[in-house]
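Q: Please find one structure pasted underneath; my questions will follow.
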Amino acid sequence: GVAMLIVSSLVSLYYNVIIAWAFYYLGSSFQSPLPWSCDAPRNAHLCQNASGSAGRVSASEVFWNEQVLGVTHSSGLGDPGPVQWPLALCLLAAWILVFLCMLKGIRSSGKVVYFTATFPYLVILILIIRGATLEGSLNGVRFYLSSDWSRLQSAQVWSDAASQIFYSLGIGFGGLLSMASYN
């Protein structure tokens, strides 16, 4: 019980940082031009698209390292650099969202699950429809359906798949047991 509480707390710290990054990207995606494109003025000096030459960095790397993380202001792990306030506010928003979801106890989170369980399917459906209407979409489908079955013989593939299943299901964190007890 106590170990599940400690593990769940540590994992929630990790996942909330990822949620904060997603909030930051969501907010940045409403800008024009997109800040991770070569059209953005901040990226133009050393930027390339995916088909560019070696020796330069991609637009998304420039956006990630300079604008999101601010690693250009840091000289290494001993010098973390200044606080990235937009990212810190996104992290605060993520924690406020967790607080609001858990405010009235576990029973109220059951109502939140209705949204969080169905909304991703709606987004995926929209993205599939949009992707299917793009030029060359059939090439992407062919690539997706072509498989290298010899990779299934690798123990590393199975190890990676098992660890992803444990993270996805939250086995060992007690979440499944807790949610099942309220049905």
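Cβ coordinates are placed from backbone N, Cα and C, and glycine is handled just like the others.
Sharing the record's features from TrEMBL:
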{"type": "TRANSMEM", "residues": "5-26", "note": "transmembrane segment"}
{"type": "DISULFID", "residues": "CYS38-CYS47", "note": "disulfide bond"}
{"type": "TRANSMEM", "residues": "83-103", "note": "transmembrane segment"}
{"type": "TRANSMEM", "residues": "112-132", "note": "transmembrane segment"}
{"type": "TRANSMEM", "residues": "165-182", "note": "transmembrane segment"}
{"type": "BINDING", "residues": "SER168", "note": "Na(+) binding site"}
Q: In whole Å, how far is the residue listed as 'Na(+) binding site' from CYS38 (disulfide bond) when you measure between their Cα atoms?
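A: Cα-Cα distance, CYS38 (disulfide bond) to the residue listed as 'Na(+) binding site': 34 Å.
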Q: Out of these recorded positions, CYS38, SER168, which one has the fewest other C-beta atoms within 10 Å of its own C-beta?
A: SER168
Q: Which of the three DSSP-derived classes (helix, strand, coil) applies to SER168 (Na(+) binding site)?
A: helix
